[in-house]
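Visitor: Look at Swiss-Prot and you will find 47, 48, 49, 106, 134, 135 tagged as L-glutamine binding site, backed by sequence analysis. Feature annotation from Swiss-Prot assigns active site, nucleophile to 79; the stated evidence is sequence analysis. As annotated by Swiss-Prot, active site, charge relay system applies to 170, 172, with the evidence given as sequence analysis.
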């Protein structure tokens with residue numbers, strides 16, 4: 001059985017566990033570096049990206065996560081997790097993990113639209129996926145190897161680059177598991 005980790009330092013962890021299990025895989029809440037060795041793919045959940053970064057630094061996760069990526073293992077960042085994956089963040093000099101060739105802007109839908117739902121068409125996933133956006137970032141630019149999977153009002157809200165998948169919204173907060181299943185298929189392909 002595939003083992004999918006959810007970085008369990010902060011954020012929407014249990015909801016991801018539920019969606020992984022609903023797709024028939026085993027979920028592992030990753031709180032220690034050595035747990036990275038036992039999983040086939042990793043979800044970086046939503047939460048607060050600066051808090052998550054502080055905790056990643058405190059527990060020494062940055063380098064091991066880069067090594068996990070270098071080993072070819074898939075990673076899926078949702079909301080704050082997308083910010084962690086990005087090579088460039090608007091208004092910041094340094095990225096967090098800097099793995100995915102995208103530029104993201106934090107809280108980019110404005111305070112008035114702090115949270116909202118929108119129907120999205122996501123390439124390879126669904127034409128009618130309800131995206132739950134909470135203080136969401138969006139992808140401002142993508143590198144040439146990056147495939148744009150979804151846009152909302154002209155803004156990129158989901159993308160994939162090889163083993164990396166990222167989205168602005170929270171797929172784990174609905175009972176629609178198709179985005180999680182798409183990631184599990186990526187993990188299956190990477191293992192094959």
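The backbone N, Cα and C atoms fix where each Cβ goes, glycine too.
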Visitor: Measuring Cα to Cα across 47, 48, 49, 106, 134, 135, which the record gives as the L-glutamine binders, how far apart are the two most distant ones in Å?
Guide: 13
Visitor: Applying a 10 Å Cβ distance cut-off over all chains shown, what neighbour count does residue 48 (L-glutamine binding site) have?
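Guide: For residue 48 (L-glutamine binding site), the count of other Cβ atoms within 10 Å is 15.
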Visitor: Can you list, in sequence order, the residues of the same chain other than 47, 48, 49, 106, 134, 135 whose CB lies within 8 Å of the CB centroid of the L-glutamine site?
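Guide: Near the L-glutamine site, beyond 47, 48, 49, 106, 134, 135, sit 46, 79, 80, 83, 107, 136, 137.
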Visitor: Fewest other Cβ atoms within 10 Å: which of the recorded positions 79, 134 wins that one? Let me know.
Guide: 134
Visitor: So which active-site residues are near residue 49 (L-glutamine binding site), with CA atoms within 10 Å, out of 79, 170, 172?
Guide: 79
Visitor: Write out the long-range same-chain contacts of residue 47 (L-glutamine binding site), meaning residues 6 or more apart in sequence whose Cβ is under 8 Å from its Cβ.
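Guide: In sequence order, the residues whose Cβ lies under 8 Å from that of residue 47 (L-glutamine binding site) (at least 6 apart) are 10, 11, 12, 79, 80, 81.
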Visitor: Within 10 Å of residue 170 (active site, charge relay system), Cα to Cα, which of the binding-site residues 48, 106, 134 are there?
Guide: 134
Visitor: What does the structure give for the C-alpha distance between residue 48 (L-glutamine binding site) and residue 172 (active site, charge relay system)? Integer Å is fine.
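Guide: For residue 48 (L-glutamine binding site) versus residue 172 (active site, charge relay system), the Cα atoms are 16 Å apart.
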Visitor: Near residue 172 (active site, charge relay system), which residues of its chain come within a Cβ-Cβ distance under 8 Å, counting only those 6 or more away in sequence?
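Guide: Sequence-distant Cβ neighbours: 12, 15, 16, 18, 19, 45, 46, 78, 180.
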Visitor: Taking DSSP three-state, what's residue 47 (L-glutamine binding site) in: helix, strand or coil?
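Guide: The residue in question, residue 47 (L-glutamine binding site), is coil (DSSP, three-state).
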Visitor: Which site among 106, 135, 170 has the most other CB atoms no more than 10 Å from its CB, taking these as recorded positions?
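Guide: Answer by Cβ density within 10 Å: 170.
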